[in-house]
Amino acid sequence: MRKIKEPEKFDRTQIRNREQATAGCGVWIFAARKPASTSMEAAPSIALHCPHPERIRTPDSACESVRAAVNAIIGSDSDGGTGGVSEAERRAIQLANFSNWEHEDARLLVYMRQIYIDVGLVERLPIDEDKLLSFLLRIYAGYNQVPFHNFRHCFMVTQMTYSIIWLGNLHAICSDSELVALLTAAVCHDLDHPGLSNYYQRLAATKIASSYSASPLESHHAATALAVLSDPACDILASLTAETRSGVEGAIQRLILATDMAHHAEILAEFEAAVEAGQFSLQDLSDCSADSRELLLRIVLKTADVSNEARPVATAERWIDCLLAEFFAEARLEQESDISPLPFMNPALVRKAVSQQQFIGGIVLPLSLALARVLPRTETDIVQPVKRQLEFYTRLVEDEEREAAVAEED
């Protein structure tokens with residue numbers, strides 16, 4: 001990832017105006033009037049972590065415990081499965097409505113290993129299974145203990161990416177190089193995330209912000225991913241030729257950079273224009289150009305990154321509270337650092353139901369609908385659940401407004 005000696009300089013007003021201008025493409029949209037149901041006091045605790053990264057690192061003891069548990073699971077074949085994963089579990093992790101909350105971290109790591117196996121990459125690329133396990137364990141250690149952008153979010157994005165691969169038959173359409181780039185980008189897309197946004201990184205002039213001229217966090221995630229892959233013990237790309245490897249690493253970088261929501265509108269517009277121009281053949285996507293397929297993979301990863309809203313409300317609600325906890329912690333840190341929080345992170349302004357209604361209607365649903373134009377099977381498994389979520393939060397907003405109107409009359 002390209003670094004520069006003298007990154008762009010912005011004053012606080014410029015940065016705030018730019019972030020607010022792209023807030024509609026961000027992870028959250030605010031609506032003033034009534035605080036969210038999740039308050040800073042009620043939210044999961046989070047340290048003021050960016051200035052003190054050692055406070056959020058996954059402890060070595062936790063990593064060793066997970067390593068031991070993973071090895072124990074892999075060694076305990078049951079229910080006709082292999083590698084500690086039953087046939088029922090293999091089918092379950094293909095589904096778009098899968099929930100992480102019922103499973104321990106070690107089990108989720110084993111599922112991630114199984115995803116690489118079931119897509120066929122371990123056999124065809126090939127990938128050494130010991131290196132794959134070492135890679136995934138290193139990734140686990142590289143995700144920080146923050147409320148939202150943590151290992152479990154990494155798993156959920158990877159699992160939804162895998163589900164879309166099956167729904168779209170991408171394992172039969174894309175090359176192995178494209179598939180390993182997509183899955184590995186999903187696994188690494190928030191690697192070493194400090195739980196603080198690009199807005200904070202720039203205004204606080206953090207080391208991450210000073211290292212990259214654009215998309216600081218996403219550039220850091222990509223660079224960290226390539227650093228892990230450069231370790232021979234974790235090198236799942238070792239079997240590739242130098243030329244193919246260079247292409248895969250470039251694709252991993254570009255896919256991760258595409259998750260910067262500041263560029264969401266631009267990427268979605270590019271994809272929709274490509275669909276209108278007939279660049280994607282519904283009969284045979286393998287006939288598409290490499291550039292068109294990579295654009296599709298960006299949309300797949302971006303859809304997976306906001307996929308909680310395609311899952312059951314009980315699963316999604318817990319993730320919403322985690323995100324609010326992280327946002328509110330950042331707002332608290334910014335206030336203590338004399339930085340004005342962005343409105344959609346300010347607990348005094350955020351209304352949870354309204355925020356969800358606007359986020360789903362403005363970001364998740366249009367993105368899902370665009371993907372379904374090229375991968376029609378996602379209509380049932382992703383688009384329809386997203387529409388149900390939108391209806392759910394729309395009803396909540398209407399109920400809140402009726403209650404507010406009654407209260408005003410009283």
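Cβ coordinates are placed from backbone N, Cα and C, and glycine is handled just like the others.
Among the features that TrEMBL reports, domain 'PDEase' is placed at 66-400.
The feature AMP binding site is assigned by TrEMBL to H149, N150, F151, R152, H153, D190, D305, Q356. Cβ neighbours of D305 (AMP binding site) (same chain, under 8 Å, six or more residues apart in sequence): V157, H189, T259.
TrEMBL lists H149 with the feature active site, proton donor.
Residues or ranges marked as Zn(2+) 1 binding site by TrEMBL: H153, H189, D190, D305. Around the Cβ of H189 (Zn(2+) 1 binding site), 28 further Cβ atoms fall within 10 Å across all displayed protein chains.
If you take the C-beta of D190 (AMP binding site) and look for same-chain residues 6 or more apart in sequence within under 8 angstroms, you find Y143, H149, H153, C154, V157, L217, H221, T259. Per TrEMBL, the feature Zn(2+) 2 binding site maps to D190.
In sequence order, H149, C154, V157, A186, H193, T259 are the same-chain residues whose CB sits within 8 A of the CB centroid of H153, H189, D190, D305, the residues recorded for Zn(2+) 1 being left out. Cβ contacts within 10 Å of Q356 (AMP binding site), excluding its own Cβ and spanning all protein chains shown: 25.
For N150 (AMP binding site), the same-chain residues 6+ apart in sequence whose C-beta sits under 8 angstroms from its C-beta are Y143, N144, H193.
Shown are the binding-site residues H149, R152, H153; the one with the most C-beta atoms within 10 angstroms of its own C-beta is H149.
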